[in-house]
Amino acid sequence: MFIKIVILYVVFIFSTFVHELGHIMMAKIFYNAKNCRIEIGNGKVVFKLKKIVVRAIPASGHAYWESIDLDRYNNSNKMRKIMPAFGGPLFSLVMSILFAIAFYRIKPYRELLYILLKFLIFMNVSCFIITILPIKYLDNISDGQFILNIIKSTEDNVN
């Protein structure tokens, strides 16, 4: 049981990392984002690399970048503007599909790998659903809500 909890904890961190990486990759592709970093969780820092911080309670994640090409952003159409927000859910969905393919190709007698893949599928599907739905949180909005706000805006060039 303990090993399953550890696996779930690591999978949650990994899935959140992949999701946030999706935001950063799209920001880099569409807006030449610089100084990108990822922060996962709340509480005390348990792991830190140059641009990645993992905290004790991996309940959330955030992707940050300090500079983008603002002229490019301000002159973008709605589709381009939603891409950094859509990158996270997109990466979660793609990873879910890849892990599902791997899950159905492995032999069930490899129990640990089987459990790992089940957790990876579950976490990435959950991450996709939770973030693509348009939801307002206490002090933030979901990726889906951000995308919806851009789509519903009256101007094509929305800030």
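Indices start at 1 and increase along the chain as displayed.
Cβ coordinates are placed from backbone N, Cα and C, and glycine is handled just like the others.
Just so you know, TrEMBL annotations never went through curation; they're auto-generated.
Among the features that TrEMBL reports, transmembrane segment is placed at 6-27 (among others).
Within the model, the domain 'Peptidase M50' (9-103) shows a mean pLDDT value of 93, rounded to a whole number. Taken from TrEMBL, the feature domain 'Peptidase M50' covers 9-103.
Within the same chain, residues 15, 18-27, 29-31, 33, 63, 113-114, 117-118, 120-121, 124-125, 127-128, 131-132, 143-144, 146-147, 150-151 sit at least 6 positions outside the transmembrane segment (82-106) and bring their C-beta atoms closer than 8 Å to a C-beta of that stretch. Taken from TrEMBL, the feature transmembrane segment covers 82-106 (among others).
The transmembrane segment annotation in TrEMBL covers 112-133 (among others). Panel annotation: around the transmembrane segment (112-133), residues 3-4, 7-8, 11-12, 14-16, 18-19, 88-89, 92-93, 95-96, 99-100, 102-103, 106, 142-144 of the same chain, lying at least six beyond its termini, place a Cβ under 8 Å from a Cβ of the stretch.
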Inset, instruction - Tell me the residue counts in helix, strand and coil for the domain 'Peptidase M50' (9-103), as DSSP assigns them. - result: 54 helix, 27 strand, 14 coil
